[in-house]
Amino acid sequence: MVVQSLVQSSIDAQADADAEISSPPPRRASSRLQGKPRPQKELLVRRRVQLLDEHEDVDREGGGLSKRANVYGRRRSHAENEAQGASSNGALEGGTGKPSDSLVEKSDHVKVKETLRLFNKHYLYFVQEEEKRCRKVEADNKASASSKKASKSSKKASKSSKNSKKEASSPDTKVGKAKRPDLKALTKMLENKEILRGTKRIGSIPGIDVGHQFYSRAEMVAVGFHSHWLNGIDYMGQSYSKGEYSNYTFPLAVAIVISGMYEDDLDNAEDVVYTGQGGHNLTGDKRQIQDQVLERGNLALKNCVEQCVLVRVVRGHECKSSYCGKLYTYDGLYKVVQYWAEKGISGFTVFKYRLRRADGQPALTTNQVQFINGRVPQSLSEIRGLVCEDISEGQEDVPIPATNLVDDPPVAPTGFTYCKSMQIAQNVKLPTDATGCNCKGTCMDPKTCACTMLNGSDFPYVQRDGGRVLLFLSYLPDLIEAKDVVFECGPKCGCGPACVNRTSQRGLKYRFEVFRTPMKGWAVRSWDFIPSGAPVCEYIGILRRTEDVDNASENYYIFDIDCLQTMKGLDGRERRSQAVCLPAVNSLERPDDQSVPDFCIDAGSTGNIARFINHSCEPNLFVQCVLSSHHDIKLARIMLFAADNIPPLQELTYDYGYALDSVMGPDGKVKQMFCHCGATGCRKRLF
């Protein structure tokens, strides 16, 4: 759990330590978190923003309190600890500061999010299983080839060689792409009864707004949006003729997918001519090869015309980022206004349905492919509000522009020096005790790789999409729980930089933008799709001893490395273990049980893009401790990974890890700060 000492933002706050929550204190505008300015004070607030950006060293709270960020999650408050002890299953979520399901019903959006996270967890597991199979086949084929070469000296050996050749060409030993791990994940969820909604419904689905994007058809099935991963028309059969829908004639269509699979489709966004299902060539050339029949989905759409039933419409478009090659966007409810049969382009009978978008819905987000959050710029000249072309000044392989459409005049981020690698304080010495593995080229066998054996004899990553960490869900499914620590290959290992067990060491690979927000100061978003489990960035700054920064109360960019305290469950942290080889970690063998971490990362004056990433009560990133060049967990690297599939231009956030009422002022009184993350389940207070 790492208590994040990062209110990495300059903050507007009250100088009075006993501010009441019912009366928000006046704050100074800041580069991190700032109060919403009143219209009559707009000019004053803008001036304050400029001054604070020029003097980021100034105490942002005015009360001299010291706040710290942490690695894995919030520490529990005293009340939470009591509640946790009073109930075997926990009346409150341990270490989260949020009530559990037993007290507060989760919102529909949270239910959708946690279901998709569960799907991605299963998906990555089956990707890993397929990669294991491929590695085994490669190893077997190499062994077979060596055997053939050695046996060419005799006639008998030649026969054996032919048999080996036949074996190697059999389906079981072919190395190919993963066999639809998304469908395997869906099957697993069906077996475990983890699908979000087991029954179909007419109209919109709670928790799925217009513009929601799915990265496979399987995801739609997982959340109960569309019940089949292949059929274009989802409909309710005769089994729904009783109860709530007894007045309808069945079958009735509830959702359709427009993905360009039929040559007779005509899509004009608000007005659609949709071709019924059946009779087309499944090889992908879109050709109709036989007549369609008015049954099942086709009959269901006809009944929608006669009963004025609205259907959900999803459009699919080509997308390189999606693992299935397509991106599916929910575009709202449509009325089926007309149907007819005609001879199609290929000469076969097809059923046509005219659908018209219902009034009163949000504007369409899909006109060919556009993104929910706006359009991704294609060049610097297209960037609105550009105030800096590259805050890294060429240090990163991909420039990081900064934009500001909030301040007048617009200002760029100031008060820090960008650095892409960790700086080490003079009184801190990194150990060099990691001996490394003896693998060559790339680590292949997790049972023989010394580094991987520390992770429980399995790779913590999969190769797909350039490397993705396997996701672990906590006992509360909406939370992504990091492993205690991930052991990666280091400088003394025999493998090269392409090794899957070096995934977090490859630097930034996405196009990021630092942008100004009206209420939270600077923030970060990506122009690229980021798949769940993908490494986003490392938290970079100056590695210091905690005791050296305790008095630097004005610094809100300090990240405590409290992995050890979390693993031991100290100071209210939720103890857990995720199959790491604990004896290999020297720090764990020490008898000391201090609750304050020995080391921290200070990004106040020097840091990378991570210092601009804001807090959210429902974040899309999670924190993971990583060890590579050494095995001292007190000095672990802090990595941020994607907890969800993150679409382009969505703000990147993680949980800063504060427990409510955990921050004290110099006078010993509890300090409070409002949260402006805007999440559906926002706790309203950062601490």
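Glycine too: its Cβ is placed from the backbone N, Cα and C atoms.
Feature annotation from TrEMBL assigns compositional bias 'Low complexity' to 8-22.
Residues or ranges marked as compositional bias 'Basic and acidic residues' by TrEMBL: 39-62.
Residues or ranges marked as compositional bias 'Basic residues' by TrEMBL: 149-163.
Look at TrEMBL and you will find 203-357 tagged as domain 'YDG'. On the 0 to 100 pLDDT scale, the domain 'YDG' (203-357) averages 88 in the predicted structure.
If you look up TrEMBL, you'll see 435-507 marked as domain 'Pre-SET'. Across the range of the domain 'Pre-SET' (435-507), the DSSP-based residue counts are 13 helix, 10 strand, 50 coil.
According to TrEMBL, the feature domain 'SET' maps to 510-657.
Among the features that TrEMBL reports, domain 'Post-SET' is placed at 671-687. Applying DSSP to the domain 'Post-SET' (671-687) sorts its residues as follows: 0 helix, 2 strand, 15 coil.
The region 'Disordered' annotation in TrEMBL covers 1-106 (among others).
Among the features that TrEMBL reports, region 'Disordered' is placed at 139-183 (among others).
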